[in-house]
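As given in Swiss-Prot:
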BINDING   Cys151, Cys154, Cys204, Cys207  Zn(2+) 1 binding site
BINDING   Cys168, Cys171, Cys190, Cys193  Zn(2+) 2 binding site
DOMAIN    5-70  domain 'J'
REPEAT    151-158  repeat 'CXXCXGXG motif'
REPEAT    168-175  repeat 'CXXCXGXG motif'
REPEAT    190-197  repeat 'CXXCXGXG motif'
REPEAT    204-211  repeat 'CXXCXGXG motif'
ZN_FING   138-216  zinc finger
Amino acid sequence: MSELDYYQVLGVSRTASQEEIKRAYRKLVLKYHPDHNPGDKNAEQKIKNINEAYDILKDEKKRSAYDQLGHQTFKNSGGGNYQQHHGFTGGIDPNDIFENIFGDFMGARRSSKTAFSKKAGANLKYDISLTLEEAFYGVTKIISFKTALTCEACTGKGSLDNNSTSSCPTCRGSGVTRSQQGFFFFENTCQTCRGAGHVIKNPCTKCYGEGRYINTRNLEVKIPAGVKEGSRIKLTGEGEAGSRGGKTGDLYVCITLIPHNTFSVDGNDLHCQLDINCTTAALGGEVEVTDITGSKLKLKIPAGTQNNHKLKLSGKGMQILHSDRCGNMIVHVNIKVPKSLTKSQRELMIKLDKELNEASEEGFLSKVRNFWTSGSE
C-alpha cells in the first residue's frame, strides 16, 4: 500500500501556512464527517487519513521531520537499525529505549496525560448586521450556525457507560509513541488514543467516542440598546462544545450597522442634513425635523444662519449602551438657492440686492467720515 502524502490529503501546498492547513482540515472534516456520510466506509477512511495528516502538519517539529525524512520518521520499525548496530536482539520496543533514556521526563509527561483526554471547545465569532433603529432600541435575533454540539446520547463522555475506558494498547497509557531514525528519537501523539493514554471500549455510536458532533445550531441572541459599529457581545459557554467533557467555548457576536438613509453616527450623536431656503436663513423661523424614533420635532432657525451651520437637539441622539440617556442630534443646515425665478421674484431680488449694497456702502462711508472727524478734533 502506497504511503499517504499528507499535503495532498489536506489539499494544501508544501509551503502552506498553519492557518491554511487548519482551514483545509476543518473544511474536510465537515465534508467527510460520519454524521454527514452514514455508513460510507470511504468517508470513514478519509477521516482517518485527514486526522493522521493534520496531526503531523499542525506541529512544526513533526512537519519539519516529515519534510526531511518522510514517513520513515514515524515508523516504529525504524528501531531495527538501532538494534542491529548496537547488539540488541528483537523484542525491544522503541518506547522502552526512549523511556530508559528519558525516564524522568516521561514520568512527568504521564502525570499530565489526563489533560489530553478532555479538549476545550473553540471560541466562535458570528457577524450580524443591524439597522440603526434596531441598534437604538435593542433587538432579539435568532442566529443559525454550524458548530460542534455536546452529544446527548452519551452526555459528552464519548462512551455509552461510565467504565468503558482502558489503557491504550499502542502507547501503553503514555499518550505518545516514539520512533527512532539512526541516532535520533522522535515523539508523536498517539494516533490510536490521540494523546489521551486510554481508549474507549464501548464508544458512543452517535459521536464515535468524541463526545460531540457537528450540526446546525439555532440560538436566540438578545442585543441591548445602544450597540455601535464594531460592538462585540460575549456569550459565555455558547461556543463550540468541548471533546469528551471538555469546557465549552464562548461565542462572540460582532455588530455591523447598515447605513441609514437619514442619519450617520458619531459616537453617541446622530447627524442629519436639513435644507432651508435663503429667506428662512436670513429672517429666521421654525422648521420641523424627524428624529430616529420617527417623532416630529420643532427646530428654531436663528436669523442670519449661514450655510453648513450646525444646530443641536440635546438628548435626541443614539441610545447610550447600558444607560437611560441618549446622545445629541446634530442638524447640518444647507441653504438652497432657487434655480429659477419668476419675473416679479427677480425684480424683488434685484431691489433687495441694491438695498443691501447701498447699506453696505453707507456703512463703509460712515466709518470713513467718523475716522477723519474723530482724528481732526
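Glycine is no exception: its Cβ is also placed from the backbone N, Cα and C atoms.
Sequence features annotated in Swiss-Prot and their locations in the structure.
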residue : record                : Cβ within 10 Å
Cys151  : Zn(2+) 1 binding site : 21
Cys154  : Zn(2+) 1 binding site : 25
Cys168  : Zn(2+) 2 binding site : 21
Cys171  : Zn(2+) 2 binding site : 24
Cys190  : Zn(2+) 2 binding site : 22
Cys193  : Zn(2+) 2 binding site : 25
Cys204  : Zn(2+) 1 binding site : 23
Cys207  : Zn(2+) 1 binding site : 27
Taking residues 6+ outside the repeat 'CXXCXGXG motif' (151-158), which of them lie with a CB under 8 Å of any CB in it? 200, 203-207, 209-213, 241-245
Structural state census, the repeat 'CXXCXGXG motif' (151-158) (DSSP three-state): 0 helix, 0 strand, 8 coil
Across the domain 'J' (5-70), what are the DSSP residue counts per state (helix, strand, coil)? 48 helix, 0 strand, 18 coil
Would you mind listing the long-range same-chain contacts of the repeat 'CXXCXGXG motif' (204-211), meaning Cβ under 8 Å and 6+ residues beyond its ends? 34, 150-154, 156-160, 241-246
Taking DSSP H, G, I as helix and E, B as strand, the repeat 'CXXCXGXG motif' (190-197) contains 0 helix, 0 strand, 8 coil
On average, residues of the repeat 'CXXCXGXG motif' (204-211) score a pLDDT of 86
Using only C-alpha positions, which one of Cys168, Cys171, Cys190, Cys193 is spatially nearest Cys154 (Zn(2+) 1 binding site)? These are the binding-site residues in the record. Cys193
Within the repeat 'CXXCXGXG motif' (204-211), residues counted as helix, strand or coil by DSSP: 0 helix, 0 strand, 8 coil
Counts by DSSP class (helix H/G/I, strand E/B, coil) across the repeat 'CXXCXGXG motif' (168-175): 0 helix, 0 strand, 8 coil
Suppose the Zn(2+) 2 site is Cys168, Cys171, Cys190, Cys193. Which further residues of the same chain have a Cβ inside 8 angstroms of that site's Cβ centroid? Pro169, Thr170, Arg172, Gly173, Ser174, Gly175, Val176, Thr177, Gln191, Thr192, Arg194, Gly195, Ala196, Gly197, His198, Val199
Under the DSSP assignment, what numbers of helix, strand and coil residues are found in the zinc finger (138-216)? 0 helix, 37 strand, 42 coil
Cys193 (Zn(2+) 2 binding site) and Cys207 (Zn(2+) 1 binding site), compared by Cα position, are separated in whole Å by 15
